[in-house]
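Asks: Below you will find the structure I want to go over with you.
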C-alpha cells in the first residue's frame, strides 16, 4: 500500500483539511511537515466543526499525529489548540501527538518582528503576523530555539542571549523595546514540562511505522503557489510547500512519501497581496465569495476569488510530481450559466502557458479564457460520479485534460462523507 502526500496546488485554502480528514480515516499516521499556525483549516465531522492551525488533522480521528521538524511551532498556540480541541471532546495525549524534538520554536519576539515589519513596509506581503517568517530566518541562521533545548535550561540561557543579540538591532531599527532574556527564559520554562511530554525523535517514530507497513499521510499546509522558491515571490510564505518538503520536513526518505495528491478548488482564491491573473471583481466573483464562504479561518480576511486557472495548476502538477488531484467546492459553481477556465496568459503581444518568475511579467499577465457551459442542477452532497449532471462531468473532464492529471477525489460539500472517490490514493 502507498503512503500519500497531500499538498495544496493553488494559493492555499483549497480544502486540504477536509480531504486530509477524509483520508486520515484510512491512514495510521498523519504528519505535518512544514509551515506553522499561519494556515488554518476547518473540519466538519458529524456536524461538529473543528478549527485547526497547527495540529495535524488526524487528531480528530484519533490517529497518531506527528508535527515534523519542518514545522515552526508556537508552543503557546500549540497548547491553546490542544486545550480547545480537548474542550470539544478530543483528548490530545502524548500517545496521540508527537512533536519533533528538533522542530524550531516561534517566540513572542518573532511575532513582534513580523508585525512591525509589515506595518513599516510600503510593499505589503500579506503576512498573518504570527511570526512564521522570522522564525524560519532564525532557523536558517542557526540561532533558533528548538524543542529539545527546553530540556536543558543551562544551555538554553546562552542560546537566548545569542538570539536576543541578533534581534536587538532589528527591534531598535523598528522602534520596538528591547526583549528581556529572563522573561523569555521564565516563560519557556513554565511551559517546558507540558511541551516536552509530546517531544520525541519524530523521524525515528515514522521510520518504525514505515517499516511496520503502517499507512502514513503527509499533510501539507498553504499551497504550491506560496512556496518560497516556486511561488509568486515575494508574495509567498517562508517555507517550501511543495511535495518534496514532505521528506525533509518529516525525516523520511523521498521514497516513503508515496502518492502525491494535489488539492484544487474548482475555482481560484487567494488571501493577501500578490499577482492573481484570473481574479474577478464582478457578480461572479461575489457569488464565489458568498456561496463558497471565502473567509480565512485564522485571520477572518476575505479571500480574493477568480475563475479556475489551469495554467497555475498545471505548473503545480509539474513542480510537485502530482499523481492525481482532489477537486473541491464543485458545488459552489452550481447556478452559474457560463463558466470560464484560464488556459493561458497574454503578456504584451505574446501568449504564454506558464506564469513567469518576474514580477513585471506577472503583473502584466492577462488571462486567456475558454468558456464552458455551466449548470443549474445542484451537485451539493453528491457521493457518486453518476449523481453529477452532464455539464458538471464535462467540467471535471476538461479540468483533467488541461492540468495533465486525473481527478482522484471530488468534494461536493464541507461534510466529510460528501466525497466521490474516483481513484484510491492509498492504492498508488
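Yeah, the Cβs are placed from backbone N, Cα and C, and that goes for glycine too.
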Asks: For the IMP site that Swiss-Prot gives with 13, 14, 15, 16, 38, 39, 40, 41, 128, 142, 222, 237, which of 172, 301, 314, 360 also belongs there?
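Replies: Looking at 172, 301, 314, 360, the one Swiss-Prot places in the IMP site next to 13, 14, 15, 16, 38, 39, 40, 41, 128, 142, 222, 237 is 301.
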Asks: If you count, for each of the binding-site residues 38, 42, 128, 412, the other Cβ atoms lying within 10 Å of its Cβ, which residue has the minimum?
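Replies: Comparing Cβ neighbours within 10 Å for the binding-site residues 38, 42, 128, 412, 42 has the fewest.
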Asks: If I take the Cα of residue 12 (GTP binding site) as reference, which of the binding-site residues 40, 222, 301, 302 has the closest Cα?
Replies: 222
Asks: Return the residues near residue 301 (IMP binding site) by Cβ distance under 8 Å, restricted to its own chain and a separation of at least 6 in sequence.
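Replies: Result: 271, 272, 295.
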Asks: Which of 41, 303 (the recorded positions) has the most other Cβ atoms within 10 Å?
Replies: 41
Asks: Of 38, 128, 302, 330, which binding-site residues come within 10 Å of residue 13 (Mg(2+) binding site), going by C-alpha to C-alpha distance?
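Replies: Cα within 10 Å of residue 13 (Mg(2+) binding site): none.
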